[in-house]
Amino acid sequence: MSINNLTPEELEAYAEAHGEKKFRGKQLFTFFNKSGRVDLEHSNLPKNFINQIPRVDDAKIFRTYVSKLDDTKKFLFELNDGNLIEGVLMHYKHGYSQCISTQVGCRMGCVFCASTKKGLVRNLTSAEMLRQVYTVEAAYHIKVSNVILMGSGEPMDNYDNVLKFLKLLHHPQGHHTSYRNMTLSTCGVVDGIDKLAREGLPITLAISLHSPYNDLRSDIMPINRKYNLEELIAAAKRYSEATSSRITFEYTLIAGENDTRDHAVALYSLLKGLRAHINLIPLNAIEEYDKGRSTAEAIQSFKKELERLGAEVTIRRELGSDISASCGQLRRNFEGGIL
Ligand code: SAH
């Protein structure tokens, strides 16, 4: 494993094991995580030490797509082994939010999602997740304040690397991002939610719901056949209580599938009693799925119905909608020769 996946303590042990003073470990940690660099030859570490260090994990910006409509930028990153992953940088009033990937591909099989169409290629390392943030910060001389795990991959399916990534990103000697400014989005892996609750870290949890009915949800999201809605909502409640936080529920609106008034009412009753925020996402149609997005009117009425019932709900702003939409579409379009 490459050394930019390590904590300061692990790097101190690494330095000592290579005949160096312990403090070289901390120096490596701040070089990687505070300066956000990997060009060790330009650090002030001893040359004979650097020469013993194998190539470290990286995620280089391979292509950048800049929206003409707003300040959003989408990236394809190239990993050391040539795999491509994608991410998005969004500029809000409060600062920069970056959406990052946790896996190359995905094995969850949601029918509307481009990331999963070719299955899982491999997990990302913690350092490959960190590098997505650090290379973008260096390219634009910015500091990213919010990190969202909503790129390709299911974070709970790469639990250990994701958790270590979040801890490294939080480290006071490194990037020092607060846990509340990190959002982990899951398709509904209940044992992962419970495991994360036990970590005692106030990481913001988002759950991709997309239907208030088990039969429809099982049709569009295979994970529902393993953990049904009742189990999922119970886990969300436990997470909310353990972390004293509100849960975000993502709900992608699919025309004629999950966007009627009945769905809105059922969604409201499902989440009743939970500290919840509902984020409505207009579907980005993909070739392999024969459904389209709900009309603007249907989206508005769905929102209004939820508000009337007393739910907290927003429609996701479609940032950078002119530059190949969401989750896996960038990588797939690029590899398919469309971009
Ligand atoms: N695997 C995690 C995180 C990545 S997906 C999860 O499922 O939550 C991020 C969000 O984008 C999820 O809510 C997902 O369901 C949604 N999504 C995927 N493909 C989409 C599409 N074509 N249109 C709209 N939303 C999509």
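The backbone N, Cα and C atoms fix where each Cβ goes, and this holds for glycine too.
Taken from TrEMBL, the feature active site, proton acceptor applies to Glu86. Residues or ranges marked as active site, S-methylcysteine intermediate in TrEMBL: Cys327. Annotated [4Fe-4S] cluster binding site per TrEMBL: Cys106, Cys110, Cys113, in sequence order. Annotated S-adenosyl-L-methionine binding site per TrEMBL: Gly153, Glu154, Ser185, Ser208, Leu209, His210, Asn284, in sequence order. Under the heading domain 'Radical SAM core', TrEMBL lists 92-322.
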Practice task
Might you list, by sequence position, any residue in that chain lying six or more from Ser185 (S-adenosyl-L-methionine binding site) with a Cβ less than 8 Å away from its Cβ?
Solution key: Ile148, Leu149, Met150, Pro155, Ala206, Ile207, Ser208, Thr248, Glu250
Handout entry: Neighbour count (Cβ, 10 Å) for Leu209 (S-adenosyl-L-methionine binding site)
Key = 27
Exercise for the section: In whole Å, note down how far the CA of Cys106 ([4Fe-4S] cluster binding site) lies from the CA of Asn284 (S-adenosyl-L-methionine binding site). Expected result: 18
Practice task
Would you mind sorting out which recorded positions among Glu86, Cys113, Ser185, Leu209, Asn284 put a C-beta under 6 angstroms from ligand 1?
Solution key: Cys113, Ser185, Asn284
Problem - Residue from Glu86, Cys106, Cys110, Cys113 whose C-alpha is spatially nearest that of Glu154 (S-adenosyl-L-methionine binding site), among the recorded positions - result: Cys106
Completion exercise
Smallest number of other CB atoms within 10 Å: among the binding-site residues Cys106, Cys113, that is Cys113
Handout entry: Cα-Cα distance, maximum over Gly153, Glu154, Ser185, Ser208, Leu209, His210, Asn284, record's S-adenosyl-L-methionine binders, Å
Key = 19
Exercise for the section: Check Cys113 ([4Fe-4S] cluster binding site) against DSSP and tell me helix, strand or coil, would you? Expected result: coil
Exercise for the section: Among the binding-site residues listed here (Ser208, Asn284), identify the one with the smallest other-Cβ count within 10 Å. Expected result: Asn284
Handout entry: Those residues of the chain, 6+ apart, with a Cβ under 8 Å from that of Cys110 ([4Fe-4S] cluster binding site)
Key = Thr116, Cys187, Ser208, Ile220, Met221, Pro222, Ile223
Practice task
Pop the Cα-Cα gap between His210 (S-adenosyl-L-methionine binding site) and Cys106 ([4Fe-4S] cluster binding site) into the table, whole Å please.
Solution key: 18
Exercise for the section: Please give the average pLDDT for the domain 'Radical SAM core' (92-322) in this predicted model. Expected result: 95
